[in-house]
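Each remark here refers to the structure printed beneath this line.
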């Protein structure tokens, strides 16, 4: 527990450092574009590759992948139901912000700093999660609002996915694991410095992009959405913790995932 708290504190310090440097004008929000590219194209793929290497596939990995997909679908349509009496714009916000999990930019950096054995489980959940947050959720919201008339265009969704380096690494390592293959550890030594920098850069990027300004009159809506999101997270976490027949490590991973901010919020 002490290790977890100390790592959480270090992440908060990095977050506040980014906010401070932005506040005093040494860095700008636009600088987050550069750090986010470094994360997406270099440090996060390196972290995933090292963390998932030597993984032996079992049934639990496929369960996690489907949980990543179907928990998103459930929450998107639940958001539509909760916001059924709201305006089209507000209903869309419920659908976006009750679903989705920011695993690549938050969960993996947080876990990799003290519990790297959990990364393969996060990665499998994120494969299902990525199918939603990279385009499917948006397509469902647009269909619901009447802005999208032609249904899903799978080519667009998969085009976005396969232009996403972390997802490509997921698929590549998943294929290797199917055939029982992995990289010798010595081969990965050159990319370890990149993986070691991932937590710092990921959290720093979140801090650079973080803004506390809200359009007038939107605070009440934000509080309602956050209340619903974390109430649902508590319900899902309780169901998993008390009733799911998973090992302790899987339950811990899922509890972390359920309470992380949504990618559309951050």
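Just so it is clear, glycine is given a Cβ too, placed from its N, Cα and C backbone atoms.
Range 221-242 is the one annotated as transmembrane segment, of 221-242, 243-264 (source: TrEMBL). Proximity of distant same-chain residues to the transmembrane segment (221-242), defined by a Cβ-Cβ separation under 8 Å and at least 6 residues beyond the stretch ends, is recorded for 71, 75, 78-79, 82, 90, 93-94, 97-98, 214, 251, 254-255, 258-259, 262.
Pairs of Cβ atoms less than 8 Å apart link the transmembrane segment (103-123) most often to 38-54, out of 6-26, 38-54, 167-183, 189-209.
Packing against the transmembrane segment (6-26) from elsewhere in the chain are residues 109-110, 113-114, 199-200, 203-208, 210: each is 6 or more residues past its ends and has a CB under 8 Å from a CB in it. Remote same-chain partners of the transmembrane segment (189-209), defined as residues 6 or more beyond its termini with a Cβ less than 8 Å from a stretch Cβ, comprise 11, 14-19, 22, 27-29, 31-32, 35-36, 38-39, 42-44, 46-47, 49-51, 104-106, 108-110, 112-113, 266.
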